[in-house]
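Engineer: The structure is given below, and queries will be raised subsequently.
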Amino acid sequence: MTDQGNFPPPKLGEPYLLTPGPLTTAYEVKEAMLRDWGSWDADFRVMTDEMRMRLVAMLGEGGDDFTCVPMQGSGSYLVEAMLGSFVPRDGKVLVLANGAYGLRAAKTCDTIGRARHLLDMGDYMPPRGADVARILAADPAITHVLAIHCETSSGILNPVAEISAATYAAGRKLLIDSMSAFGAVPLEPGKIRFEAMVSSANKCIEGVPGFGFVLARRSELEAAKGRSHSLALDVHAQWEYMETTGQWRFTPPTHVVAAFIEALRMHEAEGGVAARGARYANNRDVMVAGMRGLGFETLLDETWLSPIIVTFFNPADPKFDFARFYELMKDKGFIIYPGKLTVVDSFRIGCIGRMDAAVMTRVVEAARDSLGELGVASATPPAAALEERAKLAQAKVRETA
Ligand SMILES: *Cc1c(COP(=O)(O)O)cnc(C)c1O
């Protein structure tokens, strides 16, 4: 195999997007958009059908009770649609937050008028099953728990299995934002119980942005009739219309759907969720090992590191300037991502998209050269960053003791 393997560089000369979606897509995915489709035409209805079936199949064990409802908009539209459709107007949500997307879900509850209890773990500490059990025992009004599968703002893979166990042990229902994990990290309802999850076209399935989808238990969907606060974001109404007409209720992003079907076929050809997850994990391992070799440190240790995106502390060296580092990396063909931690400065590198370990090796070389151009001798982070990380290690000991 050549250095380029099965993942040649983007044909159009654009940089690699080391970001968690939009991300680098295959040329074939972009090419699938070079044709117009009538949204009511039988050909497009067949495409919608194929897409829904493929997504349900991706759930694996226990997926038979589930159906798929695609919906226009970015991922946040889907989170809002899920909360508004599955949580009754007099229900209450326990929102488990350890980053920006959890906090956004809490704000969504406030905006659409669903009561909520927020467990805010800060920048990256994981919400644990014991936390969920304690809060649910104290508040019988809570009907649903919302968990973020991979909290993309730090890259932490949250412990959804223990969260699910605690939720159902207390007789409540689990909803999952698996936006940045679905398609690469298994989420089988036969193993981890939940009622509904959402994801979008432009993350691990490697499509382009424009819509997302709900995978929900049919019984929950049936119960959702008339519940939504919104006309456009009503999951039950979209489902009912799609089941009876084969069409989307309002104009679908036809080109994006065509691209997504190509992406789904490529996902299957690669070997499905297991193979996609293995490629991303290998991307992460090669990239993290290389970056550590330059002196960089990750926020999270191996236990919590997702194969989706990794947070690195900025180096302590005062010659390091993220804005310049970003531009130098971009000049070399790689777009990285600023950090979102509130306590210490950081940046992120995504592992998802149409790229493999050979690309990640070049990312590390580009980082090494960029540091050299900045005059930074070592990428070692400041002591404050390492103290921050020690807190996480201690929390883990406390929780598992
Ligand atoms: C990407 C993402 C979303 C949705 O964000 P949009 O900008 O609306 O697409 C929601 N939750 C998580 C965890 C995400 O990674």
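Any Cβ shown, glycine's included, is placed from N, Cα and C.
Below are the features listed in TrEMBL for this protein:
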- Arg348: substrate binding site (BINDING)
- 143-299: domain 'Aminotransferase class V' (DOMAIN)
- Lys203: N6-(pyridoxal phosphate)lysine (MOD_RES)
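Give me the lay of the land around each of these features.
Structural biologist: Here Arg348 (substrate binding site) comes close to Pro20, Gly155, Ile309, Val310, Thr311, Phe312, Ile336, Tyr337, Pro338, Gly339, Lys340: these same-chain residues lie at least six apart in sequence, with C-beta atoms under 8 angstroms from its C-beta.
Non-local neighbourhood of Lys203 (N6-(pyridoxal phosphate)lysine): Pro20, Gly21, Leu23, Gly75, Met179, Ser180, Ala181, Phe182, Gly183, Ile352, each in the same chain, at least six residues away, with C-beta under 8 Å from its C-beta. DSSP assigns Lys203 (N6-(pyridoxal phosphate)lysine) to coil in the three-state reduction, outside any helix or strand.
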